[in-house]
């Protein structure tokens, strides 16, 4: 290199890819050659055909010594790559995890709030990579924690909460200014909602300790409590209830926490919600009570629990269907037994075009054991429905009866 320079070689010559000698020396880590070329006044800011500068290439490779040489020689640390991402040297160093290079660039007053072509801030990139050291350094330097991604509207805290990165959440919460209740663009999701959905107990605990709003709902009016309940995250349900979550909030769909928990068979969640004074007879949009939903899904333990809490076993939904009717329809004999013993009215007909009673629907569905239980409860064997069909022993003959 020295001999060629003495022979008046062009110090800024570019090859087919547009790479200069100082670029090639930088990317390969040849510090002595970089130093020599700088002394000969090589242009440290000539980019190649991909818009990559020598300092960017050195930052990507984590060659801190060369970054130092280039910065001292006047390298522009704010030149963004002309690729699909559009990172600056600090951004690529963060994404590649080169902490010493990051330190040098920050010392040179690199812009900590730069946003790349994807609309991602440097802090968001560090958070996405799960790199706590990077997050700490950026927060300490004053990076804006509330810069949201252009497309989805995620902030670093939301991403960390979603990924369950407890240590990073702690780091972000140290920031002087942070919106703990920031909502994403489309789903309107808060960090608490994202952590609750993912089952990240420690993150939920941190956020509630910092007094986040536990009742901010997502699009569709789904609360953090509701999403935790849907996924059976009982520890999170406990934390949210203790933090003041409203247990009777109704979603846009008409669903309520207790009803969904009962329908999904999450008995621990049901117990916790009942302890928190959830309305045992709350109705969803269709008029279904928790005991109705547990009955139709065959969750006997939950039906038993709701009965013990004095749930009304005779509340019909908007179609006039009672819990005992729906249990008879599905052949849930054990649940029919529980409901009958709790005072279910086995003579309540459905308010549909047929108007069957529980015995009638059990016969039509062929559920012999359910029919037996209803007959034992003195169901009316001569009932006639709306279409003039009547219950007759010609339709159903008990196994121990001879004709």
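Every residue, even glycine, has its Cβ placed from backbone N, Cα and C.
What you are looking at is a predicted structure, and each value in this text was computed from that prediction instead of being measured.
Annotated features in TrEMBL:
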- 17-49: repeat 'ANK' (REPEAT)
- 50-82: repeat 'ANK' (REPEAT)
- 85-117: repeat 'ANK' (REPEAT)
- 118-150: repeat 'ANK' (REPEAT)
- 187-219: repeat 'ANK' (REPEAT)
- 220-252: repeat 'ANK' (REPEAT)
- 253-285: repeat 'ANK' (REPEAT)
- 286-318: repeat 'ANK' (REPEAT)
- 319-351: repeat 'ANK' (REPEAT)
- 354-386: repeat 'ANK' (REPEAT)
Residues in the repeat 'ANK' (286-318) per DSSP class, helix first, strand next, coil last, are 17 helix, 0 strand, 16 coil
Across the repeat 'ANK' (85-117), DSSP yields 17 helix, 1 strand, 15 coil
Three-state composition of the repeat 'ANK' (220-252), taking helix and strand from DSSP
16 helix, 0 strand, 17 coil
Given a Cβ distance threshold of under 8 angstroms, which distant residues of the chain, six or more beyond its ends, lie next to the repeat 'ANK' (286-318)?
254, 258-265, 267, 270-271, 274, 280, 324, 326-327, 330, 332, 334-335, 338-339, 342-345, 348, 351
Mean pLDDT over the repeat 'ANK' (253-285): what is the value?
91
In the repeat 'ANK' (118-150), how many residues does DSSP put in helix, strand and coil?
17 helix, 1 strand, 15 coil
Using DSSP, how many residues in the repeat 'ANK' (50-82) fall into helix, strand and coil?
17 helix, 0 strand, 16 coil
